[in-house]
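In what follows, a single structure is set out as structure tokens and then discussed.
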Amino acid sequence: MKQYHDLLQHILNEGTDKGDRTGTGTRSVFGYQMRFNLQEGFPMVTTKKLHLKSIIHELLWFLTGDTNVKYLQDNGVRIWNEWANENGDLGPVYGHQWRNWNNEDIDQIKDIIHTLKNNPNSRRMMVSAWNPSVMPDTSVSFSENVANGKAALPPCHAFFQFYVSDNKLSCQLYQRSADVFLGVPFNIASYALFTMMMAQVCGFEYGDFIHTFGDVHIYSNHMEQVKLQLSREPRALPIMKMNPDIKDIFNFTFDDFTLENYDPYPAIKGAVAI
Ligand SMILES: Nc1nc(=O)c2c([nH]1)NC[C@@H]1CN(c3ccc(C(=O)N[C@@H](CCC(=O)O)C(=O)O)cc3)CN21
Ligand SMILES: O=c1ccn([C@H]2C[C@H](O)[C@@H](COP(=O)(O)O)O2)c(=O)[nH]1
């Protein structure tokens with residue numbers, strides 16, 4: 001994962017100090033791109049231990065269209081708790097927009113699969129989680145926004161596009177805002193896995209995952225952690241094995257994934273900016 005270390009180093013070298021919504025403070029750059037060839041291994045950061053269980057359950061949760069944290073909590077995943085209201089609701093966030101865009105019965109995932117199978121040369125294979133009509137009002141709390149039918153947080157991984165050439169499936173994500181120490185390792189692994197799942201169910205080989213960023217930042221309270229991480233030499237990437245019998249994107253379950261040869265350095269704790 002030289003790509004990830006290069007990004008950390010680029011922000012340290014070239015970033016400017018910038019205030020942010022959470023009041024934490026960041027060092028930030030605007031615009032950056034990384035590319036991962038999914039045939040070269042599974043892009044899971046090795047220089048700190050990642051909680052793969054959270055990544056897989058979060059992705060399966062998005063795919064069901066669920067926006068309540070109960071499923072995550074029942075599976076030991078805590079990463080969305082801070083933003084949910086007392087009933088566990090997050091408002092119309094990712095899963096809702098993917099599967100039922102703007103409450104209009106538009107299933108963007110089903111539509112993309114149909115196009116991938118029938119017209120893979122299409123240049124219109126986009127999924128958008130960005131929906132201006134549910135943007136939260138930042139002057140009120142997360143739960144007040146949810147009560148008003150708004151999303152607790154606007155999507156960070158806002159939209160993505162698929163592309164097929166040489167029978168290989170690639171995916172490019174635009175991430176408008178990125179917490180490089182905590183969020184980005186999750187986001188890379190999640191979209192890499194999603195691309196591989198889509199490739200399997202549509203009958204393609206693995207292509208590239210391309211990760212494009214807007215405001216990409218290191219929070220000021222993650223600087224020591226980032227320096228420790230950069231002092232570690234990246235190790236060989238692990239291999240992700242998926243149950244080859246699954247041919248419907250909505251039928252994957254947690255037990256269909258096995259990560260082999262993941263040999264990370266120890267975890268590095270960091271506080272999440274709320
Ligand atoms: N500031 C901020 N950064 C994010 O990455 C982020 C948000 N907010 N808000 C919404 C979601 C929630 N995400 C999160 C939230 C917490 C962790 C986190 O604490 N990760 C720890 C522990 C992981 C675990 O126990 O599963 C880590 O060390 O990776 C990661 C992603 C990604 N998003
Ligand atoms: O998947 C995710 C979700 C969130 N983040 C980060 C990016 C920002 O640091 C915060 C969101 O704050 P905004 O003020 O809405 O930009 O969460 C991430 O990196 N990955």
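Placement of Cβ uses the backbone N, Cα and C atoms for every residue, glycine included.
Just so you know, TrEMBL annotations are computer predictions that nobody has curated.
Taken from TrEMBL, the feature domain 'Thymidylate synthase/dCMP hydroxymethylase' applies to 2-274.
The secondary structure of Arg21 (dUMP binding site), as reduced to three states from DSSP, is coil rather than helix or strand. The dUMP binding site feature in TrEMBL is assigned to Arg21, Arg123, Arg124, Arg176, Ser177, Ala178, Asp179, Asn187, His217, Ile218, Tyr219.
Taken from TrEMBL, the feature (6R)-5,10-methylene-5,6,7,8-tetrahydrofolate binding site covers His51, Asp179, Ala273. Ala273 ((6R)-5,10-methylene-5,6,7,8-tetrahydrofolate binding site) has a Cβ environment of 20 other Cβ atoms inside 10 Å. Ala273 ((6R)-5,10-methylene-5,6,7,8-tetrahydrofolate binding site) carries neither a helix nor a strand DSSP state and counts as coil.
If you take the C-beta of Cys156 (active site, nucleophile) and look for same-chain residues 6 or more apart in sequence within under 8 angstroms, you find Gln175, Arg176, Ser177, Ala178, Gly183, Asn187. For Cys156, the entry in TrEMBL reads active site, nucleophile.
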Listed binding-site residues with Cβ under 6 Å from ligand 1, out of Arg21, His51, Ser177, Asp179, Tyr219: His51, Asp179
Cβ under 6 Å from ligand 2: qualifying recorded positions of Arg124, Cys156, Tyr219: Cys156
Spatial separation of His51 ((6R)-5,10-methylene-5,6,7,8-tetrahydrofolate binding site) from Asp179 (dUMP binding site) - C-alpha basis, Å: 16
Tertiary neighbours of His51 ((6R)-5,10-methylene-5,6,7,8-tetrahydrofolate binding site) (same chain, Cβ under 8 Å, six or more apart): none
